[in-house]
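Worksheet: the structure to be examined is printed underneath.
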Amino acid sequence: MENRPLVTQIQRFSVNDGPGFRTIVFFKGCPLRCQWCHNPETQSFSPEIYWKSRLCVQCGHCFDVCPNQAVFPPIPPEEAQREDSTYYKIDKAKCDKCMKCVEACSYGALEQVGKPMSMEEIVEELERDRPFYDNSGGGVTISGGEPLVFGEFIRKLMDALKARNLHICLDTSGHSPWEILEPVAERADIILYDLKHLDSDEHERLTGVPNQLILHNLQRLTAKGCRIWLRIVVLPGCTDSIDYHRRVVAFLRSLPGSLERIDLLPFHNWCQDKYRWLGRPWSFGETESVHPDEVEPLLELYLSAGLNATIGGSGFQAQATASG
Ligand code: SF4
Ligand code: SF4
């Protein structure tokens, strides 16, 4: 597995994960379980299956081929697609991920999420977008899940990309032993570092892990002079108050080194389909998206503290920098 970690997607032309046009590699597997996660398909370390009810005609081919009786019998499509339907195609407790059902579905209603990829395959995919990197000042963003759980593979991948003179961003939660983080951080041109919550108890409630290691790693990275873009999701009822952000600003100003910028990311709920396709409930599914205008007062707080901050974190956005 370490030589061929699972990749859920290689996404092209992103403008929100580092400067210029980025091609993002999403590795599958994460030690955190952020309740608001926008990429729930990257959490598990195993392959998963999307079932897209709107594409399913309930033909029963998947039911016929499953060797483990892990596919539920067809029901009328309109019943399966009803808003309040609890029908889901696959019984996960019985499924061994043989993927025979995916092969049998000719309607695209079943899709394997997470395919093993070798270093060579990933590099070849990333090389294809070189003209876009060159024309936009962009490059590659290594993301997940949490890429640091594949530390040795990621180090070698970054060496291969550096040998090709490609710009690299590392997107991480920072939840990693320093011995793994440091050599990876040294290879990154920019680190996109998440600050999920300042208070450890709340961090643990929201993500499943405390934050001491993450905050300590952030201190060490700034002390080393790494280029860091800190990312803070503005989450309704959790990280959206002025008082909370005042405390964040005080913490950031106490760091031993500086941050290149801080990106305030308004929460959105556009990923509801992914949860449905995985057959998983989402506790933030009913939460309204935050409009960027609502984040303006928070932005002002950072700017007036002399911190370089943006709303949304676009790699093309003119950076708002305050003096003093
Ligand atoms: S094979 Fe595809 S379309 Fe047919 S029942 Fe299964 S998921 Fe639905
Ligand atoms: S992946 Fe294999 S075991 Fe799982 S539901 Fe599909 S056919 Fe059955």
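In case you wondered, yes, glycine gets a Cβ from its N, Cα and C as well.
Those TrEMBL annotations? Automatic predictions, nothing curated.
Here TrEMBL flags 16-308 as domain 'Radical SAM core'.
In terms of DSSP secondary structure, the domain '4Fe-4S ferredoxin-type' (45-76) contains 8 helix, 5 strand, 19 coil. The domain '4Fe-4S ferredoxin-type' annotation in TrEMBL covers 45-76 (among others).
Positions annotated as domain '4Fe-4S ferredoxin-type' by TrEMBL: 86-115 (among others). Using a Cβ-Cβ cut-off under 8 Å and counting only residues 6 or more beyond its ends in the same chain, the domain '4Fe-4S ferredoxin-type' (86-115) has close neighbours at 6-8, 28, 41, 44, 46-53, 55-57, 59, 61-62, 64-72, 75, 79-80, 277-279.
Below 8 angstroms of C-beta separation, residues 6, 28-29, 85, 87-115, 274, 276-279 of the same chain, each at least six residues beyond the ends of the domain '4Fe-4S ferredoxin-type' (45-76), sit close to that stretch.
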